[in-house]
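Peer 1: This structure is in structure tokens; I'll ask about it shortly.
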Amino acid sequence: VPRCYLNKQLATVRVVKGEPAELSCTVSKDDVTGTWFKDGLKLTSMDGVVFEKKGLVHRLIINKAADIHAGKYRFEGGDVKTEASIFIEDPPQVDKVLLKNLTSVPTVAKAGEGVKLRIPFEGRLPIRATWLKDKMELADDTRIRVDKTDTFTMLSIPSCARKDCGDYKVRLKNDSGILDIDLKLVVIDKPQPPAGPIKVVESSANDITIQWKPPKDDGGKPVQRYVVERQQVGRNDWETLGETPRSSTTFTTTKVEEDMSYYFRVRAVNAEGTSDALESGEVKAAGKASPGAPEPPEIVSATRDTVTISWKAPRKTGTSQIVGYVVQKRKKGTTTWLPVTNVPVKDKKLKVTNLKKGVQYEFRVAAVNAAGTGDASDPSQPICARDPTKSLGQVQDLKVSGCNSTSVTLTWSRPEVKDGNDVTGYEVEMRPSQSSSWTKYLTLPSDATTCTLKGLRAKEKYFLRVRALSNAGPGETAELEASMGATAPAVPARLLIGDTVKSLLVIRAGNPVRVNIPFEGSPAPVVTWLKDGLPLPNRAATKTQDGTTRLLIGAAELSDSGSYTVELQDGSGKRETFSFQLQVQDIPQRPGPLQMDENVPNTVTVTWEPSASEKWDKNLYYTVLKGESQKGPWRVVGDLIYNNKFTFTSVIPGRDYFFRVVAKNELGASAPSETPKPWRIQKTKAEFQVKPQKYRGVNQNQHPRFLVPLKPHVVVTGSECHMSCAVTGHPPPKVTWYKDSRDISKDPNYFCTNDFGVCSLVIPGVTKQDAGEYVVEASNQVGRVSSRAFLAIKGN
């Protein structure tokens with residue numbers, strides 16, 4: 001309960017409307033009957049006010065403060081006369097039960113339904129109501145409407161969507177304070193389609209297994225299951241194959257026919273409904289296939305009547321296991337292939353016998369499974385059946401002599417030839433870096449020492465090798481590595497945002513800004529950055545490489561706040577954009593121009609335009625300072641002000657005043673906004689026409705006496721002290737002020753006035769040296785009288 005003990009000079013009580021308050025005063029004797037006054041009128045009874053006396057203590061108790069209770073109260077009893085003021089604060093308020101219901105439980109709505117969030121409030125008008133979502137102020141648009149009256153504010157969304165989910169804040173603000181209400185809106189809907197693409201994990205003649213990913217948005221309700229459907233290519237109807245639980249994103253169907261093609265689609269289901277479908281491309285069920293062709297056999301060794309060959313299994317084995325291989329031979333230059341054995345060879349190596357000495361032979365193999373014999377391999381290198389001679393060595397000086405986006409050119413020199421084993425040709429092979437299998441590219445005649453390999457894939461690394469051929473067999477291989485820069489296949493330009501960048505970035509001023517946005521596209525798309533729809537200022541730099549574009553700002557400033565957009569454009573003119581909001585926080589910007597008005601006599605009301613930072617910073621407040629010259633010193637007269645108005649009451653007519661206002665937050669204070677010229681209330685003297693009464697034979701002289709004596713004061717260092725008293729007498733007495741027995745009436749550090757007996761002493765900017773006893777003395781021809789009071793100083 002706000003209390004004021006009048007004996008201790010705590011002369012101001014601020015009470016929130018509806019709360020209790022109490023004034024009390026202690027007298028010296030128990031039999032003293034005290035009297036309470038309000039605004040100069042004696043109080044005998046008042047609504048909501050109770051007068052109480054217990055021993056020496058007299059109390060005025062207000063059970064529930066209202067506007068009628070604001071004013072100046074005075075207590076008189078025995079030798080005690082003292083006063084205090086009550087100010088009624090009426091900040092915005094919302095019914096506590098409603099407030100608890102709104103803030104403790106989210107508001108839930110279904111997609112497509114309308115939502116109205118109505119907040120009734122009370123408090124001193126005007127009350128400014130602001131709605132915010134994700135720290136951004138909401139305003140009327142085609143989807144959202146914000147209504148404001150003197151008694152309520154309401155947010156209306158006629159048709160909710162999932163993007164309306166989020167945290168909302170209602171901020172109610174008036175001269176007495178701020179009330180923030182945090183709300184949460186949840187919009188539920190059916191899920192989005194499962195994330196694609198649908199992958200074929202396995203396909204055979206008997207079954208097909210597909211796989212997908214959960215939807216990116218489950219609609220606010222957990223996915224319960226997935227429904228899988230199938231359509232045979234060429235038909236219009238879809239068949240439901242079955243369902244999977246939420247934990248499973250694979251499905252296997254055995255309802256397939258050999259060599260038939262199908263489309264599959266998957267839908268996600270939650271409590272609100274079924275999503276749209278994710279469809280696959282054409283999926284073909286495998287048939288019972290024979291094996292593919294193996295690679296050409298390799299020559300292992302040769303004698304005068306035998307040749308030993310080896311080979312590898314084919315990449316495509318068909319739909320059943322390979323049980324063996326058929327091996328065939330032919331003389332070079334003929335077209336007839338003859339079987340080497342009567343039954344398939346189970347091993348992958350064979351020594352062929354009964355060959356004629358000096359004749360060149362070629363060999364090929366074919367794999368066998370349950371479906372039959374597969375395609376035959378290409379022929380091996382020709383080999384002559386004769387006793388072995390020393391094989392050829394490596395080709396000399398193998399190197400890459402040229403490379404472009406689609407090919408690489410190799411050159412080499414002939415190997416050393418011994419024992420008449422002459423070169424009959426060259427064999428060129430290659431393999432990608434991710435493969436372990438070598439592929440024969442071509443065979444060249446003996447006079448060729450260069451070769452160009454074409455049709456290479458983009459950004460691929462290849463291993464290349466060349467070996468010389470002779471009648472004695474292939475020579476040693478020479479190998480090198482080549483990295484290709486071939487043009488990549490066209491990939492549509494697409495931003496890969498994911499969770500890497502949020503829609504709102506908050507950066508403290510002075511800190512660097514680094515935003516990385518990955519993308520894909522081939523050929524490389526054109527990347528453009530914009531700020532608020534315009535090219536970036538010179539302060540901002542961008543860098544794009546290796547599928548990432550970066551925004552760089554060395555030290556963020558308030559001017560960097562705004563909407564940033566990155567745009568991709570591919571060669572076909574297709575564009576894709578992404579935008580985000582950058583908010584730079586700093587010490588507040590200075591308030592707007594100041595304006596002074598004398599709305600109440602002998603007061604000045606200072607108003608100012610809000611700081612531009614007020615829109616973003618909920619913790620911003622204002623401090624008002626006063627000076628008696630533009631150079632200061634400046635003293636705080638108002639602090640923690642959350643509106644744009646302040647009334648200064650201790651105005652002395654005839655004196656110049658300067659005011660300045662600064663905006664503050666947790667980071668610091670803004671530059672001040674100041675009054676362009678001094679403020680002054682003209683000092684006017686009231687004109688009186690005094691008609692003295694005519695007394696016959698009566699002495700009109702009167703001894704000086706104080707109608708209102710000086711009172712002791714307790715003030716804070718740096719504030720202003722105003723002492724006053726009222727004196728009468730005839731002739732009008734001369735008034736002199738003393739401090740510690742020193743005449744201060746003409747001291748420039750004090751300001752003394754005497755307006756028809758109302759005497760004032762003003763001490764601006766009180767310091768500890770001003771503490772002590774002050775005496776005011778009134779004297780005329782008849783006599784002399786004085787009043788004393790002490791000034792006590794306490795620190796901030």
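Here the Cβ of each residue, glycine as well, is placed from N, Cα and C on the backbone.
Reproduced below are the annotations present in TrEMBL:
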type	residues	note
DOMAIN	2-73	domain 'Ig-like'
DOMAIN	193-288	domain 'Fibronectin type-III'
DOMAIN	293-388	domain 'Fibronectin type-III'
DOMAIN	394-490	domain 'Fibronectin type-III'
DOMAIN	489-579	domain 'Ig-like'
DOMAIN	590-684	domain 'Fibronectin type-III'
DOMAIN	704-792	domain 'Ig-like'
REGION	275-299	region 'Disordered'
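On this model, are these features tucked inside or out on the surface, and what's nearby?
Peer 2: When pLDDT values are averaged over the domain 'Ig-like' (2-73), the model yields 81.
For the domain 'Fibronectin type-III' (590-684), the number of residues in each DSSP class (helix H, G, I; strand E, B; coil) is 4 helix, 41 strand, 50 coil.
Using DSSP to sort the residues of the region 'Disordered' (275-299) gives these counts of helix, strand and coil: 0 helix, 6 strand, 19 coil.
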Peer 1: Where DSSP helix means H, G or I and strand means E or B, what are the helix, strand and coil counts for the domain 'Ig-like' (2-73)?
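Peer 2: Split into helix, strand and coil, the domain 'Ig-like' (2-73) gives 6 helix, 35 strand, 31 coil.
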Peer 1: If I count Cβ-Cβ pairs under 8 A between the domain 'Ig-like' (704-792) and each of 2-73, 293-388, 590-684, which range comes out on top?
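Peer 2: When the Cβ pairs under 8 Å are tallied, 590-684 comes out ahead.
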